[in-house]
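**Student:** Copying in the features that TrEMBL gives for the protein in this structure:
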- A:12-30: transmembrane segment (TRANSMEM)
- A:96-311: domain 'ABC transmembrane type-1' (DOMAIN)
- A:100-123: transmembrane segment (TRANSMEM)
- A:135-157: transmembrane segment (TRANSMEM)
- A:184-203: transmembrane segment (TRANSMEM)
- A:246-268: transmembrane segment (TRANSMEM)
- A:288-313: transmembrane segment (TRANSMEM)
Amino acid sequence: MIRHIVRRMLQLIPMLLGITVMSFVIIQLSPGDFLAEIRLNPIVSQETVDRMRTNFGLDQPLHVQYLRWLTNIVRGDFGYSFAYQVPVLWLVRSRLFNTLLLNIIALIVAWAIGIPIGIHAATHQYSWSDNLLSLFSYVGISTPTFFSGLLLLFVAFKTGWLPIGGMTSLDYDLFPWYGKAFDVARHLVIPVMVLGVLAVAGLTRQMRANLLEVLRQDYVKTARAKGLAERVVVNKHAVRNAINPLITIFGFELGGLLSGSAILEVVIGWPGLGQLILDAVVRKDLYVVMGSLVIGGVTLVLGNLIADILLAYSDPRIRYD
Amino acid sequence: MRERIIMPLLVIVAATLAAAMAASQSAPPTLPDIPNPKVVVEAPEIGKFGGTYIVSSISDPRTFNPIVAQETSSTGVTGAIFEGLVEQNYLTGEIEPGLAESWTTSPDGRTWTFTLRQGVRWTDGTPLTMDDVLFSLEAVFTDGVQTSTVDLLTIEDKPIRWRKVDDRRIAFMTDKPVGTFLRLIGSLDIIPKHKLGDALAKGGAEFNKTYGIDTPPREIVGTGLFILQSYVPGQRVTLLRNPNYWKVDRQGNRLPYLTRYVILIVPNLEAARLKFLAKETDLYSARAREFAEFKQGEQAGNYTIHDGPETFSSEFLVFNQNPTGVAPPKLTWFQDVRFRRALNYAIDRKTIAEQVYAGRASPAWGPESTGNTLYYNPKLPQYPYDTGRAQQLLAEAGYQKGSEGLLRDAQGNIVEFIISTNAGNTDREAIGNIVRQDFTKLGIRVTFAPEAFNTLVGKLTGTFKWEAVIIGLTGGIEPVTGRNVWLSSGSLHMWWPKQEKPATEWEVEIDRLFERATAEINQNRRRQLYFQYQEVVATQVPMMFFTNPKTQPAVRNTLGNIKLGLQGVPGELETLYQKTTSRP
């Protein structure tokens, strides 16, 4: 197992090199740079723009810029944001917690709801509740997050029950700790519902299909034949065996913890990484984009690795060495 | 006997009354620590202290360093914390005393001497001194410091010079007289040497990073209205009243009235609008098409939407006259003023105003906006929409419509070109479609092709390979600050940038007018020069301006001292106040 983990970590290196080289080249070759907006400012002279270019190192050849960035990354220095003049890592850190909080809670909610519903749907195949849940799943899967986000914001606006976007209220700093927790919780309702519904819909379908597959297996018949209670048959034997593909999905979701909510964040004003990165891409704030790509790449690989480990743990038949 | 007693009594009463009135009317207010505070006289009302004023911004501040700050999202915050030697009156645009309480000009107009206001302190208690002023100037001119102020304080390639006269006075010298000097020096924010000195000593790159958004708020000290209390990325900036501020109202009360000023960061304009309608913010700069709808909701929303004046910016169409960018025959058409005038007649500005700005825009005939009340020339040649006139002018210039309905030049070339703009700007895209239709009526084959902003800027400032572009530029009050655009040597001289020698007589004329206006100290004479430059531009139409869009700020009725200023600014932070201070 250790060898497998080490191998996977080593595989990460060429992969990250590939990702970063390609993104660096694509970003730099596409027309324009960070200074485009400043160039159109009537009071800024050409000389000032040229000086900025030099300061940012944008006047260097492409490979020099990349290698310089790469050597800094190895030392743990992700560089400075052009736009903010602060370290990229500071920018990421200032928003990382918010994105993680949202995604982890959405993940927990989705799994806590999705798995039982999936089991119910599979064990009650073609019943009215199964059909209703199927309908719900189809709608959930096919509604884009930006749309449901906007819709819920509008509901919040009309009813006044929930805050309209954001993460904390104006007087957050004045609240006691439980007030703060409650305040954030209120702000979490809409985004968690949006992300949760999407994930629940997917998980339900997946769980239902897997479980149905397993319930048709011979050993389930055997279990039933030897007189086990249906509850035990399903929960102890069938679900246990149907869970493998879900672990893989779980790994993917772990990988998406930082990026999965990007669009929604932008729509509802959740102060997470999504907004920061989108802005950086639009403005060509080079090192912010590169830094977030690296972080995103690493979490994706780590997520998959964790899934692999969990799989091996959950299913003794799986061996990596 | 009785009369004798009464008379002296009356005299005494009258004298006391007169003295009391004199004291309340003419004696200038003072503060214990500041002998000569600035009295803010524009505000209609004496306000109430307390209350929070909440606005929204669609992007985060990028820095709290006022020298480095560029975008409005940053200057919106730094403007409440830092200030200059002089400041601009938001109603008239005139320059008034700021941290400098007075100034003098030498008779030749080349030396300006400013006297620093006494008793002003940084918000950490350190007194503001002349060394801070000198330090701020040094910062602007330090190599590697990222600032556009250096361009404003560099006059015809020569940086301004300065000399400390004594502890309270500083003199600025220029080689030539500079008429707009006051406005230019107003762009310099004064920063605390005791906080930033170390960073600047380490060089420009280090200075750019100081007072960044990662700075602990208490480190950021200014002289301004407010003190930064907290910044939560992606959420809000909170500022608190500076209790030692150096301005007072007419009754001598220390300003500002507001206790707290909050800038909510929202993801987009839609969210800004919802937040305002939900009464979470006090101000919303409505878009033109929202005016009617907001007007209807005034009562229910407890706000007033104001019919504001025009902004200073304007969208325009420009044809490329640069020989390195386009070749004949297109170059010949674009350089032909008769062609440009004819096309200018073909632009239906009324339709643009109605369809793009819901009727809330005035037609623009020249480069300065109607909203620039100081310098707008109301008597410019106009080009009212008239396809017949356009056709006639084209015919006079040798352009003929062929039997197939297409316009051809004297050599028989079909007149066709591509108009571009930055994709995603819905106003410009809508204008482009209208203009394309207008020109098609003349038999011109027009392709309208929006492209990415970056690509467009690359073409305008780098490769020059473009034909016609619809775009807009930000404008200031004083047209000479746009010298990059109007001087033939300017890098933003859109139609033919960085010319070694002006290509046409009228460009020589504009260069000359700008040079004279820059040096002209008398504001009236400068206005005359600006009028002339606007007339040359309107006659030669290198740029076809469309409209000056109006502003329509929606303001919560709980706010006091609302009085619309230039560009629709609803009031000043100094004097705005909450009538009912239910919010802490």
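Cβ from N, Cα, C; glycine included.
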**Student:** Can you work out whether the transmembrane segment (A:184-203) touches the transmembrane segment (A:135-157), with the criterion being 3+ CB pairs under 8 Å where the paired residues are 6 or more apart along the chain?
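**Tutor:** Judged by the Cβ rule, the two regions touch, with the required three close pairs present.
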**Student:** If we skip the immediate neighbours and take only residues 6+ beyond the ends of the transmembrane segment (A:135-157), which ones have a Cβ under 8 Å from one of its Cβ atoms?
**Tutor:** 163-165, 190-191, 193-195, 197-198, 200-202, 204-205, 261, 263-264, 266-268
**Student:** By a Cβ-Cβ criterion of under 8 Å, what residues six or more beyond either terminus of the transmembrane segment (A:288-313) are in contact with it?
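**Tutor:** Residues 1, 4-5, 8-9, 11-12, 15-16, 19-20, 23-24, 27, 69, 73, 78-79, 81-83, 88-89, 91-92, 244, 247-248, 250-259, 273, 276-277, 280-281, 319-320 contact the transmembrane segment (A:288-313) from elsewhere in the chain.
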**Student:** Could you pull out which residues elsewhere in the chain have a CB under 8 Å from any CB of the transmembrane segment (A:12-30), counting only those six or more residues past its ends?
**Tutor:** 62, 65-66, 69-70, 284, 286, 289-290, 293-294, 297-298, 301
